[in-house]
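In what follows, a structure is listed as structure tokens, so that the remarks can point back to it.
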Amino acid sequence: MNERKYAILGTGALGGYYGAKLQKAGSDVHFLLKSDYEKVNQDGLLVESKDGDFTLPQVNAYNDVAKMPKCDVVVVALKTTQNHLLPKLLPPIVKNDGIVLVLQNGLGVEEEIAEILPQVHIIGGLCFLCSNKVGAGYIHHLDYGQITLGEYAHGYSNMGITDRMQQISHDFQTAGISIELLEDLLLGRWKKLVWNIPYNGLSVVLNARTDELMADTYTRTLVEQLMYEVKAGAKSMGRNIPDSFIQTMLDYTVKMKPYRTSMKIDYDECRPLEVEAIVGNPLHKAQEVGVNLPQINCLYHQLKFLDGRNRTGQLTVDS
């Protein structure tokens, strides 16, 4: 058992899977839950995985951060639509000189946390994971699982490979989770957006799985156009994404099992969509420096309309 104590904020498809793997490998893990608390506190966690199913009959489950111990590493695995809760959730459980590991999609999340806790170390994690929460405490891991880690510094300046990244990498790799270490977190975030913007966005707008988007000539072309706009957005912030990476993402998705994206699942279940973190923030960062991304701009406005109507039955009206 390693000496680092982990807290998992958001025990869903992502946090539940990685937290369960860490505990199974001997880490001291503490899970914050909301609606699933009673079930998980009583019965633990079940992970059904392509790599082998397993059950954790007992876990450290909490429904209140005030009851949780101070932890060395706090894993933020909430949807970004819940980030307004972080000023209340994070300060009670992060040790002085502790680490906040942000396993969230999109751009700008590390900056938000640095404003809340300027004294802690922040590491961004980019997860390449196909996983769904089937029920309370029941996670179905379909494919992949790799995490790419990069440490945050003010303005997303390049931090290189730090000792803190190496320590977390060791714990996760001991748990059977593949880790890649990044010298440049901002480049990594933009690379992740190459996949996230087209597939998450179009899956909602067009009511389609990833395999359907890739099987049709017209939608595949649209996916590729959106990817090249993400490349242009990255360039506007001084980061270069090679064309070969875009081709790799297209090939990777063709080989993937048919997948309903996380944004599509949220839409189908009438939950708030991560439109701002995944689409809005990158779009606005590019616009701030005079770079227009017309396809992404169109996608953003479509998603804002669908998200508002889906959850409230009302249209978004300027105040």
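Each Cβ is built from the backbone N, Cα and C atoms, and glycine gets one as well.
Residues or ranges marked as active site, proton donor by Swiss-Prot on the basis of similarity to another entry: LYS192. The annotation NADP(+) binding site is assigned in Swiss-Prot to GLY10, THR11, GLY12, ALA13, LEU14, GLY15, ASN105, GLU274. The annotation substrate binding site is assigned in Swiss-Prot to ASN105, ASN196, ASN200, SER262 on the grounds of similarity to another entry.
Listed binding-site residues: ASN105, ASN196, ASN200, SER262; maximum Cβ neighbour count within 10 Å falls on ASN200.
Cα distances from ASN200 (substrate binding site) to the recorded positions GLY12, LYS192, GLU274 are smallest for GLU274.
Cα-Cα distances to ASN196 (substrate binding site) place ASN105 within 10 Å, out of the binding-site residues THR11, GLY12, ALA13, GLY15, ASN105. Within its own chain, LEU14 (NADP(+) binding site) has ALA77, LEU103, CYS127, LEU129, SER131 as residues 6 or more apart in sequence whose C-beta sits under 8 angstroms from its own.
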